[in-house]
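Here's the structure, in structure tokens; my notes come after.
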């Protein structure tokens, strides 16, 4: 009889603990959803970082502005979609004809956010700006925006074949290969994939999830 009461008590405690844990998870998810909603509702994150709207270093002077996918002009949308094709068609190979529609739709969705760089108002930036610190500057800006929006990390995808980019992110910006990257989820699967997922976490919770550290 006594053992039955003990077992019943243990079951009740376990049930309460599960309910408490479930409630905590739901509350955390709700809080995260609200943060994402608030960040997405911002018309321009650059409003909070006005000093970053003009880059003038190493003989390069450019202007920086933000935009959202559903507010872009037809010419800019076309430019972005053409750029996407140039960068990704070879990577996806025969799958590109299917993936292109999905990717292009994502690029002009209301959730998509952009940082545009112009050498002068309404001018198009060309590749001769490489090697002048602009890439690092823009990544630092993205990290500031993420922190301002209470995001736990910045996550990005980079092609394995792009050794220069991987070295840039990992050596200069201290990004790590995320625990959700194919090569870390399953090394065999990782060999079949052409990309890595990199991340930079800002708090312990994000580090535990994205870097696999405690």
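Every residue number used here counts from 1 along the chain in the order it is shown.
In case you wondered, yes, glycine gets a Cβ from its N, Cα and C as well.
These come from TrEMBL:
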- 1-22: region 'Disordered' (REGION)
- 1-14: compositional bias 'Polar residues' (COMPBIAS)
- 127-170: domain 'N-acetyltransferase' (DOMAIN)
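The average pLDDT the prediction assigns to the domain 'N-acetyltransferase' (127-170) is 92. As a summary of secondary structure, the domain 'N-acetyltransferase' (127-170) carries 26 helix, 7 strand, 11 coil according to DSSP.
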